[in-house]
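Student: Sharing a structure here in structure tokens format.
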Amino acid sequence: MSAPKLLSLGCIFFPLLLFQQARAQFPRQCATVEALRSGMCCPDLSPVSGPGTDRCGSSSGRGRCEAVTADSRPHSPQYPHDGRDDREVWPLRFFNRTCHCNGNFSGHNCGTCRPGWRGAACDQRVLIVRRNLLDLSKEEKNHFVRALDMAKRTTHPLFVIATRRSEEILGPDGNTPQFENISIYNYFVWTHYYSVKKTFLGVGQESFGEVDFSHEGPAFLTWHRYHLLRLEKDMQEMLQEPSFSLPYWNFATGKNVCDICTDDLMGSRSNFDSTLISPNSVFSQWRVVCDSLEDYDTLGTLCNSTEDGPIRRNPAGNVARPMVQRLPEPQDVAQCLEVGLFDTPPFYSNSTNSFRNTVEGYSDPTGKYDPAVRSLHNLAHLFLNGTGGQTHLSPNDPIFVLLHTFTDAVFDEWLRRYNADISTFPLENAPIGHNRQYNMVPFWPPVTNTEMFVTAPDNLGYTYEIQWPSREFSVPEIIAIAVVGALLLVALIFGTASYLIRARRSMDEANQPLLTDQYQCYAEEYEKLQNPNQSVV
């Protein structure tokens, strides 16, 4: 496959423009015929003597243009179509050279800073706080809702998306790159869709659906962490508000109601259609993207910026599945955090004793795999019963953001408790896209799962204001504790009684005469010694 065709998508994916600021150059520079054909995406930062004179900010020592490093270790055998998907060995099907930034510099041209840093020299630490949406003031809640709506309606100043696969990225004439503008929030939706879409095998062939670069594997938590981080940074730039942070929804309430589904927050239920959002909420006006699955799967097209129908949501309304009519319990989170191994073979949705599979929701909260169970993250999605419960569409419902910030908070607490133990995050043989060093699809510049497997306050510039529930004892544990307690009580009573008996005996003995008929007198011994028939030694 020619370099230009491969490069197309890479440009579109400048979601990664790690923390790109509005004043910096847009990776759209790489969505040109020249860039696509060269396989190089190393834009200038501040060219003085013409194009190509300051690639990656090289003149100021910020970075340099280097070959892309991509993980080529083997993946698990469940994906049998090697060579058929643009996302394989990401991003080499699109770009083979990118900016490698020095120190705390980052971005597509090394013009910005790594997470947790800011300033002209990227030498100032920054820490923002993600808080519970329900704990925000009225003004803060309104600000967050307005910011989301603004992101939905604001064209992304930095990124464009590909609307065709790599083979067709330059258009029918081979000279027209197939990219589109898209809003900031819809870009957030698009990147998620692209990571979960089926593998197109050709017209007339059924697309392969047993592939997912962001779910059902070790990368689930790291991928969604970066996904949120990218949106948060984009919204900070949009608002020109560096301290803006994404709040979270603590969905572990055990209730059968959505406590954030009110018109002043994420929208209540419509009185006219129980599956729609109330017209009193701004989110009732939102329209979804990436819903043309039949075209994607049969024609090989990609999701574009076209918006379709409204968001559907009917919390606790799936009467056919009673198990998804109630949200997770607080104790489910407490139990999940006691699962000490990050992941276990086969590193998939049937892993047992895996923290990742537990918080993702394919195991019960104690870590035991059960094919009938949907818990925590999965249960919260299914509870919403609509757009938010369909993987390829779920980010269209803005509750997705809040649901995943809470999931990320659980992840960060696990990292803190277990010292970010990455030893059980596999280097190879995980599902495709989920190896430890794999570049997460479709972010650009490349960012690996490892880079997100760190505690957020120390490494990513944000922290959570949250109180974790302590684990309650189960009925069997309570019974066991009661039995042990009873045995200890019996032992204590027995020991006390024995002590009292011994003490009484000692007291009786103390009250007896010092010399009785039972004891010999020194006089008797003396008389024996005076007997001449006995020898004295």
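Using the three backbone atoms N, Cα and C, a Cβ is placed for every residue, glycine included.
Straight out of Swiss-Prot:
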- H192, H215, H224: Zn(2+) A binding site (BINDING)
- H377, H381, H404: Zn(2+) B binding site (BINDING)
- C30-C41: disulfide bond (DISULFID)
- C42-C65: disulfide bond (DISULFID)
- C56-C99: disulfide bond (DISULFID)
- C101-C110: disulfide bond (DISULFID)
- C113-C122: disulfide bond (DISULFID)
- C258-C261: disulfide bond (DISULFID)
- C290-C303: disulfide bond (DISULFID)
- N96: N-linked glycosylation site (CARBOHYD)
- N104: N-linked glycosylation site (CARBOHYD)
- N181: N-linked glycosylation site (CARBOHYD)
- N304: N-linked glycosylation site (CARBOHYD)
- N350: N-linked glycosylation site (CARBOHYD)
- N385: N-linked glycosylation site (CARBOHYD)
- 478-501: transmembrane segment (TRANSMEM)
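Can you walk me through where each of these features ends up in the structure?
Tutor: In the structure as shown, the Cβ atom of H192 (Zn(2+) A binding site) sits within 10 Å of 25 other Cβ atoms.
Within the same chain, the residues at least 6 positions away from H381 (Zn(2+) B binding site) whose Cβ sits under 8 Å from its Cβ are G388, G389, S394, L403, listed in sequence order.
For the recorded site, C41 (disulfide bond), the DSSP three-state label reads strand.
In the shown protein chains, 25 other C-beta atoms lie within 10 A of the C-beta of C42 (disulfide bond).
Neighbour density for C99 (disulfide bond): within 10 A of its CB lie 26 other CB atoms from the protein chains shown. Annotation note: C99 (disulfide bond) sits in a strand segment as assigned by DSSP.
Non-local neighbourhood of C101 (disulfide bond): C56, G57, R62, G63, G107, C110, R114, each in the same chain, at least six residues away, with C-beta under 8 Å from its C-beta.
Secondary structure at C113 (disulfide bond), as computed by DSSP, is strand.
For C258 (disulfide bond), the same-chain residues 6+ apart in sequence whose C-beta sits under 8 angstroms from its C-beta are M266, P315, A316, F383, L384, I399.
Under DSSP, C290 (disulfide bond) is assigned to coil, being neither helix nor strand in the three-state scheme.
With a 10 A radius on its CB, N96 (N-linked glycosylation site) counts 18 other CB atoms from all the protein chains.
Taking all protein chains in view, 19 other C-beta atoms sit within 10 angstroms of the C-beta of N104 (N-linked glycosylation site).
Under the DSSP three-state reduction, N181 (N-linked glycosylation site) is assigned to coil, being neither helix nor strand.
All protein chains considered, the CB of N304 (N-linked glycosylation site) has 19 other CB atoms within 10 Å. N304 (N-linked glycosylation site) falls outside any helix or strand according to DSSP and counts as coil.
The Cβ of N350 (N-linked glycosylation site) has N357, Y362, Y369, P371 as same-chain neighbours under 8 Å, each 6 or more residues away in sequence.
Secondary structure at N385 (N-linked glycosylation site), as computed by DSSP, is coil.
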Student: About how far apart, in whole Å, are the alpha carbons (Cα) of C30 (disulfide bond) and H192 (Zn(2+) A binding site)?
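Tutor: With distance taken Cα to Cα, H192 (Zn(2+) A binding site) is 22 Å from C30 (disulfide bond).
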Student: How big is the Cα-to-Cα gap, in Å, between N304 (N-linked glycosylation site) and C290 (disulfide bond)?
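Tutor: So the Cα of C290 (disulfide bond) lies 7 Å away from that of N304 (N-linked glycosylation site).
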Student: Could you work out which of the disulfide-bonded residues (C30, C41, C56, C303) has its C-beta surrounded by the smallest number of other C-beta atoms within 10 A?
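Tutor: If we count Cβ atoms within 10 Å for the disulfide-bonded residues C30, C41, C56, C303, the smallest count is at C303.
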Student: From the Cα of C113 (disulfide bond) across to the Cα of H215 (Zn(2+) A binding site), what is the distance in angstrom?
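Tutor: Cα-Cα distance, H215 (Zn(2+) A binding site) to C113 (disulfide bond): 28 Å.
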Student: For N385 (N-linked glycosylation site), what is the tally of other C-beta atoms lying within 10 angstroms of its C-beta?
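Tutor: Around N385 (N-linked glycosylation site), other Cβ atoms within 10 Å: 21.
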